[in-house]
Amino acid sequence: MSNSSTPSCIIIAIAGASASGKSLIASTVHRELCDELGCEEIGIISEDSYYKDQSHLDMEDRIKTNYDHPNSMDRHLLIEHLKALKSGQPVDIPVYSYVEHTRTNQVQHFEPKKVIILEGILLLTDEKLRDEVSVSVFVDTPLDICFIRRLQRDMKERGRSLESVVEQYRKTVRPMFLQFIEPSKQYADIVIPRGGKNRIAINMLKAQIRQLLGKR
């Protein structure tokens, strides 16, 4: 957790395994605090937007990218954007294409907010990134549950085959979770068990945000 007692904006980092429930928690907190803060004062940024640009590579090399390894992320740009937002400056967030396996020519314009929710699997693995965060959260969902959710999602939403999802899980998703993501749980201020429907944990996170904002 950041040591700043009066942050210019509050940055919440929600990490955990792929399909652990990070996006559900982020969207739930966002939706429920919109009514209190005004939707223009709270926003979500996905770590996925900061995968490195691979336009200089051919498709054969792009598809070999290990998206579960910290080296796949453009950490420098993400940290630069967080610093800019904290100083009151807007940023243009890259738009990443999973079809082309690289950034598109489009960007998402993002204005400074009172509360920014970051969500992504690798957020707590980088010390410099953790230093920019007000509250760090780890969603601690059993890995077998995450795999089932990921399998269903990737086959339904991304048109992938059962074999390709299982192969990716075996080769990169599970090993990278054990090597990088699970150890990063030690840096979390809040650990949320049972995934995105843990109502008590969500209420605790909202209460912490209110406290940092000076609201009761």
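Glycine too: its Cβ is placed from the backbone N, Cα and C atoms.
Here ALA17 (ATP binding site) comes close to ILE121, VAL139, THR141, LEU143, CYS146, PHE177, ILE181, GLU182: these same-chain residues lie at least six apart in sequence, with C-beta atoms under 8 angstroms from its C-beta. The feature ATP binding site is assigned by Swiss-Prot to GLY16, ALA17, SER18, ALA19, SER20, GLY21, LYS22, SER23.
Annotation for the binding-site residues SER18, SER23: lowest Cβ count within 10 Å of the residue's own Cβ, SER23. In three-state terms derived from DSSP, GLY16 (ATP binding site) belongs to an extended strand segment.
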